[in-house]
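Shown next, in structure tokens, is the structure this report addresses.
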Amino acid sequence: MTTIHTLGYPRIGAQRELKFALESFWKGASTEADLRDTGRALRERHWNAQRDAGLDFVTVGDFAWYDQVLQTAALLGALPTRYGFDPAQLTLAQSFVLARGNADHAAMEMTKWFDTNYHYLVPELTPDLRFGPGTGWLFDEVREAQAAGHRVKVALLGPVTFLHLAKARGGLADKLSLLPQLLPAYAAVLKRLAAEGVEWVQIDEPALVLDLPQAWSDAYGPAYATLAAAGGPRLLLATYFEAASHHAALIRSLPVAGVHLDLVRAPQQLEAFAPWPADKVLSAGVVDGRNIWRTDLEQALARVAPLAQTLGERLWLAPSCSLLHVPVDLAAETRLDDELKGWLAFARQKLDELAVLKRAVIDGRDAAHAALAGSAAAIASRAASRRVHNDSVKKRAAAIRAQDAERAAPYPVRAAAQQARLNLPLLPTTTIGSFPQTAEIRQARAQYKRGELQALTYLERMRAEIADVVQRQEALGLDMLVHGEAERNDMVEYFGELLWGYAFTANGWVQSYGSRCVKPPVIYGDVYRPEPMTVEWSRYAQSLTAKPMKGMLTGPVTMLQWSFVRDDQPREQTALQIALALRDEVRDLEAAGIAAIQIDEPAFREGLPLRAGDVAVYLEWAARVFRVSASGVRNDTQIHTHMCYSEFNDILPAIASMDADVITIETSRSNMELLDAFGEFAYPNEIGPGVYDIHSPRVPRVEEMEALLDKAAQVVPVQRLWVNPDCGLKTRGWPEVEAALRGMVEATRRLRARHAGAVHAGTPATRAEHAESALA
């Protein structure tokens, strides 16, 4: 009989119960007992949902108070030694110190989980780290599920992936050298799970989809031989997010009882495993765990029916990956219309899709006729819908020419035209875009959205805020101003609500990290701009000052990356449609007299594919759609972009090919070390390295910012340097913002005084230098 299961389930709750319980506990408004009660209730509800849908196991081990990688580290005793915590006695409060930091300890580093929008806490490996024993939370949850009558399958992050995701610290030369010490801790966990009556452990090794160095792939055989000898439950090796076919021979050889493959992202990979090993279960990931569209059940059944005939009971069906990455339950959704809702499936609905496939496989198509027909009708409705397909948008995208993705002149020519228009001083000062959003601003936006505030009153309040922001910037002495973005709740949602082809849920929340949840927009159809989105705000702001005002837009790749994207056309095509909508906005801003336009791309690097062989294609189209959005303007209109990453080296050629006149980047926390890559690459255009960290309420001393600017001037010619904070200032308070910016302007004045003979890029004295630099 075919088995159905899920690799994981969202932990936050359909109404974000975990988020609110965590934040209440952190504020001291509730007790640890209250928090634990919420966790217990959520686990019970989620296990019951799996049972009620007909899954053969409930998955235990996917719940975490903050992050599953942190919880794995705690289980294995692999906590950073700098905290001095005893893993076996770890309290919830201590676990939150690891995750969030406190006055005595910086938090653990956090980074993206593969190519998703979830963030995990990075384990720290030091020479003095000793593994196991750790917390007993996992075993408590196993007993909790068993006591409720559930058949348990445990999900556990595998040892090689755990080490691969970690960072070496404290002089540790080789993370992999710790594997022999780590394996006994895993073996002990597996033995204890067997003693608790657990039959199967899903051991996640998503690192197997990556291009691993030989030493890392070679580590799998001995590691799993050790685990197989531990006398634990049967192991289901889980891979996801990409094909593992390049490691097919290795995976076939491992002493595990089953393997999970992502057949949504990489359906073709099954061929590399043919014939399927006779000693292994195949867990076929045929329901998309990362997107919200209904599964084409007819198509999925056509894929799994032959597998069922060949494998019989050795065929399991599952989502492609954990359902952590999709909202909990479509039944809780109130904002979407019935047609659009009918095209979607959240986590709870995806469990039902698995049950339909199981019924059709075991009892035949007729037994699942109604559900299959409903799926087919939804797929057909979406394919034929006029709200999805817009011929004029498709024709415009198809007509894009190479010259539409190129500025009219090279950077040195543009720099001269822009400087003639803008007359900027050496080391121009600016900010990244947003300014503090007070409770009054947020309240006005919310009242306007609910219809409680008339349009004219709302306009007056926003204009008053813009006028205040402009006046404050002028008083501080900034050189290029922004309007402050008071009208925007979110840099993607604001634009999505003004574009056709986008929809927004009321309750489509997913976990980003800890208690932070995001509600990604839904791109369901061809994207176009019915009318200008930002022009009137920027035009009004520019009317208040003689200084140049930057228009502020979110770039096409970021609009794509931070959304649930339609799956019926290539992502590149959707990105191009967004770029064309932004191109129209850019041209309208220019026509309104806006001389500088910033197109933010904080998610440009996040879109990188997991496999090295796919990276060049992505970078080519990602840079091209940016240029499409930016290239319809005159030479004297200055295009800015902003990015914030911890690593630039591998994408610098692509960033250069975006051909923005000015790029601002986040560098203060790295003490300007990130800027070194731009210097070594000889980045040809202008750069604004962030001189202070906006994520901290601390106001840096003038001397600190001056020292950072000095370091920057040693890497990038001072004529091409801008001065700015790391990121937008939306989440900060006005007193700290004004103090920090005042210090930033003073640090800039001091540096200008030491470079009195220099002038900003594009002025006649420096044109030759820039032409030479651009050709270097």
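Including glycine, each Cβ sits where the backbone N, Cα and C put it.
The following features are taken from Swiss-Prot:
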| type | residues | note |
| --- | --- | --- |
| ACT_SITE | His695 | active site, proton donor |
| BINDING | Arg16, Glu17, Leu18, Lys19, Lys112, Arg516, Cys517, Trp562, Glu606 | 5-methyltetrahydropteroyltri-L-glutamate binding site |
| BINDING | Ile432, Gly433, Ser434, Glu485, Asp600 | L-homocysteine binding site |
| BINDING | Ile432, Gly433, Ser434, Glu485, Asp600 | L-methionine binding site |
| BINDING | His642, Cys644, Glu666, Cys727 | Zn(2+) binding site |
| COMPBIAS | 767-776 | compositional bias 'Basic and acidic residues' |
| REGION | 755-776 | region 'Disordered' |
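Structure coloured by features recorded in Swiss-Prot.
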| residue | record | Cβ contacts under 8 Å, 6 or more apart |
| --- | --- | --- |
| Arg16 | 5-methyltetrahydropteroyltri-L-glutamate binding site | Trp509, Cys517 |
| Leu18 | 5-methyltetrahydropteroyltri-L-glutamate binding site | Arg11, Ile12, Thr38, Gly39, Leu42, Ser515 |
| Ile432 | L-homocysteine binding site | Val482, Gln598, His642, Thr664, Asn724, Pro725, Asp726, Cys727, Gly728, Leu729 |
| Glu485 | L-homocysteine binding site | Gly433, Ser434, Phe435, Met552, Gly728, Lys730 |
| Glu606 | 5-methyltetrahydropteroyltri-L-glutamate binding site | Lys112, Asp115, Asn117, Gln561 |
| Cys644 | Zn(2+) binding site | Pro602, Ile665, Glu666, Asp726, Cys727 |
| His695 | active site, proton donor | Asp726, Cys727 |
Tertiary neighbours of Asp600 (L-homocysteine binding site) (same chain, Cβ under 8 Å, six or more apart): Gly433, Met491, Met552, Leu553, Thr554, Gly555, Thr558, Thr641, His642
Other C-beta atoms that fall within 10 angstroms of the C-beta of Lys112 (5-methyltetrahydropteroyltri-L-glutamate binding site): 15
Coarse DSSP state, helix versus strand versus coil, of Leu18 (5-methyltetrahydropteroyltri-L-glutamate binding site): helix
Cβ-Cβ neighbours of Cys727 (Zn(2+) binding site) (radius 10 Å): 24
Candidate with sparsest Cβ neighbourhood (10 Å radius) among Ser434, His642, the listed binding-site residues: Ser434
Maximal Cα-Cα distance (Å) across residues annotated as binding 5-methyltetrahydropteroyltri-L-glutamate, namely Arg16, Glu17, Leu18, Lys19, Lys112, Arg516, Cys517, Trp562, Glu606: 28
Which of Gly433, Cys517, Glu666, all binding-site residues, has a Cβ with the fewest other Cβ atoms inside 10 Å: Cys517
DSSP three-state assignment for Cys727 (Zn(2+) binding site): coil
Recorded L-methionine site residues Ile432, Gly433, Ser434, Glu485, Asp600, farthest C-alpha pair in Å: 13
DSSP state at Asp600 (L-homocysteine binding site), helix/strand/coil: strand
Check: same-chain CB within 8 A of L-methionine site center, minus Ile432, Gly433, Ser434, Glu485, Asp600: Thr431, Val482, Met491, Met552, Gln598, His642, Cys727, Gly728, Lys730
Check: same-chain CB within 8 A of Zn(2+) site center, minus His642, Cys644, Glu666, Cys727: Ile432, Pro602, Met643, Thr664, Ile665, Gly690, Asp726, Gly728
Where Lys112 (5-methyltetrahydropteroyltri-L-glutamate binding site) sits in the secondary structure, as DSSP reduces it to three classes: strand
